[in-house]
Amino acid sequence: MERREEQLGAAGAGAAPALDFTVENVEKALHQLYYDPNIDNKNLAQKWLMQAQVSPQAWHFSWQLLQPDKVPEIQYFGASALHIKISRYWSDIPTDQYESLKAQLFTQITRFASGSKIVLTRLCVALASLALSMMPDAWPCAVADMVRLFQAEDSPVDSQGRCLALLELLTVLPEEFQTSRLPQYRKGLVRTSLAVECGTVFPLLEQLLQQPSSPSCVRQKVLKCFSSWVQLEVPLQDCEALIQAAFAALQDSELFDSSVEAIVNAISQPDAQRYVNTLLKLIPLVLGLQEQLRQAVQNGDMETSHGICRIAVALGENHSRALLDQVEHWQSFLALVNMIMFCTGIPGHYPVNETTSSLTLTFWYTLQDDILSFEAEKQAVYQQVYRPVYFQLVDVLLHKAQFPSDEEYGFWSSDEKEQFRIYRVDISDTLMYVYEMLGAELLSNLYDKLGRLLTSSEEPYSWQHTEALLYGFQSIAETIDVNYSDVVPGLIGLIPRISISNVQLADTVMFTIGALSEWLADHPVMINSVLPLVLHALGNPELSVSSVSTLKKICRECKYDLPPYAANIVAVSQDVLMKQIHKTSQCMWLMQALGFLLSALQVEEILKNLHSLISPYIQQLEKLAEEIPNPSNKLAIVHILGLLSNLFTTLDVSHHEDDHEGPELRKLPVPQGPNPVVVVLQQVFQLIQKVLSKWLNDAQVVEAVCAIFEKSVKTLLDDFAPMVPQLCEMLGRMYSTVPQASALDLTRQLVHIFAHEPAHFPPIEALFLLVTSVTLSLFQQGPRDHPDIVDSFMQLLAQALKRKPDLFLCERLDVKAVFQCAVLALKFPEAPTVKASCGFFTELLPRCGEIESVGKVVQEDGRMLLIAVLEAIGGQASRSLMDCFADILFALNKHCFSLLSMWIKEALQPPGFPSARLSPEQKDTFSQQILRERVNKRRVKEMVKEFTLLCRGLHGTDYTADY
């Protein structure tokens, strides 16, 4: 091996000095890794060992570490080092060393066949990697050779040991192929070669599996080996005998799990649907498992029922279309569907008593999609067969969605309750999907059941049953337009009759009412049937989320019909807010609900309600403004400001939100005079300034203040105009004292909405110049500590160029400094900041011709920008940002072509720039490609992606598969 070590001197260059990587030092480091209690020492040892594994010396010490006198941990490291050297540094191995390396690995595997299993596996993986690298040319019959060598009678190892070692090697070979870093063209060749080798492997596996004398450990290994090989997309018909043998092995409890895995992997191969005859032969085999399934369910054997269900679902889900097409076999497929239905409705509560039913849900989606994809005539036939099945499915799902008894539920862990919640969401999604198949009849079916349940005097009904039926309604109504359903009026009439004695039932009642809010908007006469229930529930903290979200939906959808109820809604809401019944987020939702509600009232009514609603908070804020800042009063201030901003988010008397709803919407006339929100903001403006003066250094408070105005601006649009001058002045003072990103975001909103209006341009221009000047000063002090400010600043600049380029005409704006700061921002590690900076340049470069100062700066400093872009593409920036940098290159090419053609050649001339991996020819090709493409932005993005892969040494590797 010394010879190989000399020849492979290049491998692992850059690791620690060669003398360090001796057998003795590796053993010491391993001892430190496994037994040293100090975590820092462990980490150091691990880092050193990783360097050792890739060093040239690994070829020497790895074989010595495999000596029989070493402990398994040390032997395992030696085997792993061999695998790493073979798989990652194959090109460093001289071709004349292949055979001796192969022979030594065979020798070691034979020796470890009766030794440590974990070491044996690593050695098998190393030999598998070697085989994949040599196939097909240097080792054309690799698998046949492996089988022949391990069947040799002259081996010192007993036949069972040899057999298990061979099976381990054959098992890891396809697994290593799946994870190997072979180039794409080699992968295709090796896959073809392995497919041919199936002819050697499968007969051997069949023989071992069917041989009565084969011990259980061998048969289990055979099943695992088969499971590994079928993932190479072996034709299903070639697997037929082994699949049948695996079905037979399901009766053996020791082989059950391995058999399930093998069968599921074989059935699930994408190519399997081509072999319909084989699939049809599998249906009776699956149906033959029904008695075993029933016995497992009866005995509470969750593992067995889970495994059999996986097999049935794998066949049904992967091949429903192919099997539906076999019309003459419709009864056997229907039997399979009914078997899966049994699995869906398996007795017990998920996830405590069973975990099987959740496996089946996607099958029902797939089957429905396949039925509905047939042409009309064929679809009608299948609808006739499968509509009753889907009605049965609805009953089964609603039964599975039922809560357990209160006593039983009380014993569930929080994790089990969360899993059950997610399971119910999955059932809800399935019901919503099934509606497409069953239509309005499904709602009628649910309504009839609920009606019978609530009106029957014969026997008391369980709340769980009622809740599940309502949950079914809610699932459908949340996403499907039920406005034309003739059962909803009856449902609304039934809801008040429900005896609510349980939180889960009350929650579902609330969510169901919320899901029907659009229907209530079309049938306002029914609002009074359910609104009292919602207002009553507001006072119950356990119903916080459901009651508040339902009230918000009703206020949003039905606001034009709520004025008669407004006083009551406001009074109840005020009461629960004052009593602090709800958590912060629900308080914010409640304020949004009240904003929707007030929007539909007359201005005088709005002002009156606003006064009574927010006066207590204004008084509290006045008191807090006098106090010395501390953490508790900060929370109170942020809470009050949040309530105000959420109220103003939805309080829209001009009904901008409704503009997209269509002409038929009932709108109130737009009121004349000042907007109520503006009136309130002007009244509290001084108070907000007072609060700010004490909290300017606190980003959270500043953010909360800015949020009030930002949300108001977004809602009010032009109605906000009277506030623009004083808000600009306040923002300027705020930002000059303590720069915060939220102030820049609000400035961006003002630029977006008001900068184009001559009356508002002067204060906005003054604010824009001020925040730009302050931010440029920040860059001089060191902007790396403020990526959020830089991000918001870049977005503001881009918005200014997009909305009002005149802002860049002012002589007081230092365009050169802005340009240089933006180039600096391109080098930030934070992706959002880089993205925002790229966005600025893509807005700036098209202005070269129309804004003189911009044209001048680009001419003087554009080369600096190009170099920054090339550095980023060369590897300095994340690959996910390459499209953004491509946009800059495209803009440079489109708007500064003559300059770019000169700069790009100069910039790419220095050797090693932007990457040492590039040849001069590759750089020249890239520059020519870019300069040629001035129309198709998508092509430029593709060029940049290709170039960055070359720069990073990733071109043609597996790393680029998803790129």
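Cβ from N, Cα, C; glycine included.
Here is what Swiss-Prot records for this protein:
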DOMAIN    45-111  domain 'Importin N-terminal'
REPEAT    95-135  repeat 'HEAT 3'
REPEAT    142-179  repeat 'HEAT 4'
REPEAT    236-268  repeat 'HEAT 6'
REPEAT    276-325  repeat 'HEAT 7'
REPEAT    375-438  repeat 'HEAT 9'
REPEAT    440-476  repeat 'HEAT 10'
REPEAT    562-600  repeat 'HEAT 13'
REPEAT    603-648  repeat 'HEAT 14'
REPEAT    676-716  repeat 'HEAT 15'
REPEAT    761-803  repeat 'HEAT 17'
REPEAT    815-845  repeat 'HEAT 18'
REPEAT    860-893  repeat 'HEAT 19'
Taken over the repeat 'HEAT 18' (815-845), the model's mean pLDDT: 96
Contact call for the repeat 'HEAT 14' (603-648) against the repeat 'HEAT 10' (440-476), three or more Cβ pairs under 8 Å: no
Which of 440-476, 676-716, 761-803, 860-893 contacts the repeat 'HEAT 18' (815-845) most, counting Cβ pairs under 8 Å: 761-803
Three-state composition of the repeat 'HEAT 18' (815-845), taking helix and strand from DSSP: 26 helix, 0 strand, 5 coil
Outside the repeat 'HEAT 19' (860-893), six or more residues from its ends: residues with CB under 8 Å to it: 816, 819-820, 823, 826-827, 831, 834-835, 838-839, 841-842, 845-846, 899-900, 903-904, 906-908, 913-915, 930-931, 933-934, 937, 940-941, 943-945, 947-948, 951-952, 963
